[in-house]
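As written in TrEMBL, here are the features:
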type	residues	note
COMPBIAS	20-33	compositional bias 'Polar residues'
COMPBIAS	571-586	compositional bias 'Basic and acidic residues'
COMPBIAS	596-609	compositional bias 'Basic and acidic residues'
REGION	1-63	region 'Disordered'
REGION	571-609	region 'Disordered'
TRANSMEM	108-132	transmembrane segment
TRANSMEM	152-180	transmembrane segment
TRANSMEM	192-211	transmembrane segment
TRANSMEM	223-245	transmembrane segment
TRANSMEM	303-323	transmembrane segment
TRANSMEM	357-378	transmembrane segment
TRANSMEM	399-422	transmembrane segment
TRANSMEM	434-453	transmembrane segment
TRANSMEM	465-488	transmembrane segment
TRANSMEM	500-527	transmembrane segment
Amino acid sequence: MSFNWRRPFRSRDDNDEPTTQDAPALTRVNSAEVSDGSLKYTLEKGGNDSQPSYQEATGAPVESRSPLGYSVGPITIIFLNVSKMIGTGVYSTPSAILRGTGSVGLSMIYWTLGFFTSISTLSVLLEFASYFPNRSGSEVVYLEQAYPRPRWLFPTAFAFLNVVLSFSSGNSIVCAQYLFRINGHTPSPWELKGVAIAAYTVAFLAVVFHTKASYAFSNGIGIVKTLTLIFIAITGLVVLGGNISSIPDPHSNFRNAFDGLPPTPYGLNNALYRIIFSYTGFDNAFNVVNEVKNPIKTLRRNTFISVFLVAVLYNLANVAYFASVPLPDLRAAKEITASLFFTAVFGSSNAVRGLNFLIALSSFGNLVTVLIGSSRMIRECGRQGVLPFPRFWATTRPFGTPIGPYFVKWFMTVIMILAPPAGDAFNFVVDLQVYPSSLFHILVGIGLFIVRYRRKKLGLGRGEFKAWTVVVVFNILVYAYLLVMPWYPPEGGPYAGNVSFWYATYVVTGTGILLGCGIYYYAWIWLLPKLRGYRIRQEVLTLEDGAQSHKVIKVPVEQLAEWDATHDAVGRPLNRTDSHSGDSERIGVSSTAGEKGQDGNVRDVDPEK
């Protein structure tokens, strides 16, 4: 195997190539390029004190100085994850999980399975982050780097998915439901929708004006949310001790815990979907990797702490529910499981209203945390250049926040609150968001093996963290199950699902979104260029705030050879030192954290190779 290794500002003869054994020593933070013949990798360094790392050349440019700053420390990492996980799931989904599993015992096993599933995915993402520690955006980056060919296919598909499904209507509706329960009012469908929109608008305003303040606000709400769940857990233990006179037999639901209605494949699948939904958020900190100093060490410690903490609280909260509420009432509940618990323990009193307010606040905090994390993911999609108007997605002006992605999320959430029937909105949206993402989770898991193979082939060495192979395989199998089983019909026929319409509507909708990604990609990259006589190239766009993005451009076929000869891989012009000889110099990445190269940009490579 041969390497093409280039350093700038000096000539190179045919013998100036290191061997495979020499390659791991390439740790200098200057322009280094490694190629296996079909793909090229450039050495990049961000300003977050991470090690220099190689990334495939067509990836979005590394920002040597994050325009969003470096405000994410250990506490923020923990509460970015905790606050997103403790949203509406643990308060709203236990009833549906009990109906799906059929018994208390199997329901508790499923809540524990959610912990192991989260840990497996967390391990996969942490290994990816160790390879690309200077990029925010989580799966956006990892799919881009694992599947660089066909060029722009996976960035296009994932960007399309993230924009179309960039809504938080389910959590907004549950937040509104708990706000109405504070005063005991039963809302009409449009009252519910109106309050849900108002809640999300307030969350949008809370994060759009200042990045550091948004983290502080999120941390504060996260602390309140954690304390609320701790209170429920402690109350449940008090109930189990027989100290609540209104609950004479708190152990009744735990006797013969595995007796109950026999589970069905459809019910088990729905239960697992809701478990995944309840743990969603354990990976939120990976969306802000480039805003974390010394990211891998900091993430490794604090992300595992956050998942373990939440798993313990989730199981204790379910013990509290089962100790306090009769099983028939739990099975009949919709999205109000926690309110049944409050009523059973405290009665219809001001305490119940206060606790409903705390759960509404928890739901609201989830909206804030999701906005913070997913805005970075959407911004990274835009920086890849596959979305129209790259400036809109990448800019952080005027407030130093990703205002474009914030606005898109607000707009899409309002649309999805208004569109579905109010009674079915929560279940449909939960399922719709989980199903297409299951495919990408599978691809991320498989992609980790691909990245390992390529790095070993190139002699680039291992990252700071490596997941156990058995954990990666377990993660792939779980999401493969979630991808296949939703097609299995419920016992009562096609209209006996958890919504009033056809049971697999969300499956078909999710599949349609994925197909739409493929159609869009084919038309944009292949069909239209062939019909109109141009080819797609990318160039680097540097904005006034220091943000960087790719911009995909159209180059007429007759100008293609000239364009390729005068541009580097990502699209920056080559600097020629001798117009007669045609010898060129390539612009390097920054030599120290927080500094830029000669043109203020990062490294480029040839998109045609």
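Residue numbering: from 1, along the chain as shown.
Just so it is clear, glycine is given a Cβ too, placed from its N, Cα and C backbone atoms.
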Listed stretch, out of 108-132, 303-323, 399-422, 465-488, that has the most CB pairs under 8 angstroms to the transmembrane segment (500-527): 465-488
Cβ pairs under 8 Å between the transmembrane segment (303-323) and the transmembrane segment (108-132), at least three: yes
Result, the transmembrane segment (465-488) in contact with the transmembrane segment (108-132) (3+ CB pairs under 8 Å): yes
Paired segments the transmembrane segment (223-245) and the transmembrane segment (192-211) in contact, 3+ CB pairs under 8 A: no
The transmembrane segment (434-453) touching the transmembrane segment (357-378) per 3+ Cβ pairs under 8 Å rule: no
Residues from the same chain, set at least six apart from the ends of the transmembrane segment (434-453), whose C-beta lies under 8 A from its own: 121, 124-125, 127-128, 131, 139, 142-143, 145-147, 154, 158, 161, 165, 273, 276-277, 467, 472-473, 475-476, 479-480, 482-483, 486, 506-507, 510-511, 513-514
